[in-house]
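Novice: This is the structure I want to talk about, given as structure tokens.
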Amino acid sequence: MRRTLFVLFVVAFCFIGSVIANLSLPPGFSLRKRLPRSLVDILHLRHEQGLRDDTELRNWLSKQQPAMNKMFSSSSRENGSEKPVVSDVLPKNRAINIFASLTRQFEPIESRLNDSSKNITVLAPRNSAIQSLPRKPWENPEDYEKFGGVSAYEGQEGEDRAKQNLQRFVEAHIIPASPWREGEEMETLGGEKLKWIKKGDKIYIQPGNVEVDNIAETVINGELWILNSVLNYR
């Protein structure tokens with residue numbers, strides 16, 4: 001009896017297998033072909049666009065990491081023969097190393113940070129604040145409207161526009177004076193007028209009500225403030 005049931009089971013299994021084989025998709029047939037062509041194209045383009053956007057973001061962020069040779073280079077100030085200046089302490093704070101790297105893109109700004117004879121207040125946004133911007137610091141919506149989304153930053157002229165935008169971003173976060181007193185209106189290197197007020201134990205920069213996380217460093221030529229968001233630079 002058991003042997004008979006086993007034989008019947010084997011026969012049934014073989015029969016079902018042959019049916020499934022006959023219903024198999026022909027070689028080379030893709031389930032993707034069952035989708036309407038227009039939908040396939042849209043999904044494909046969205047996937048490629050997503051990859052491009054992600055790659056662009058990762059590439060941009062990787063370029064903003066501080067140059068290791070600059071970050072750890074020794075000078076007479078590092079050895080204690082001179083007091084440190086803002087340019088010495090700025091790249092050492094990992095929370096703001098994106099902004100620190102941007103300041104090194106422009107020789108006049110870097111020189112000012114390194115000048116012990118001229119006081120300065122650096123308002124450095126945290127990395128997370130820059131990363132959460134709706135657009136890159138070098139992007140300007142007006143450029144896209146005037147030159148188009150594709151060619152706004154292509155070629156030498158496009159690169160120059162991007163560099164100018166980036167410089168404005170950095171200059172909007174630097175005040176050529178220190179100390180900066182509460183309620184005192186000061187003009188940034190970019191020409192914007194700012195002041196700060198204190199609410200409880202928190203400091204807020206106006207306009208924009210930008211919260212100061214902390215005053216990280218006080219050195220011979222000024223102070224380094226860390227911000228929880230970016231200042232208006234347009």
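Including glycine, each Cβ sits where the backbone N, Cα and C put it.
For reference, Swiss-Prot lists these features for the protein:
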type	residues	note
DOMAIN	83-231	domain 'FAS1'
SIGNAL	1-21	signal peptide
Novice: Looking only at the domain 'FAS1' (83-231), how are its residues distributed among DSSP helix, strand and coil?
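Specialist: Counting residues per DSSP class in the domain 'FAS1' (83-231), I get 54 helix, 38 strand, 57 coil.
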Novice: Give, as a single whole number between 0 and 100, the mean pLDDT over the domain 'FAS1' (83-231).
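Specialist: A mean pLDDT of 95 is what the model gives the domain 'FAS1' (83-231).
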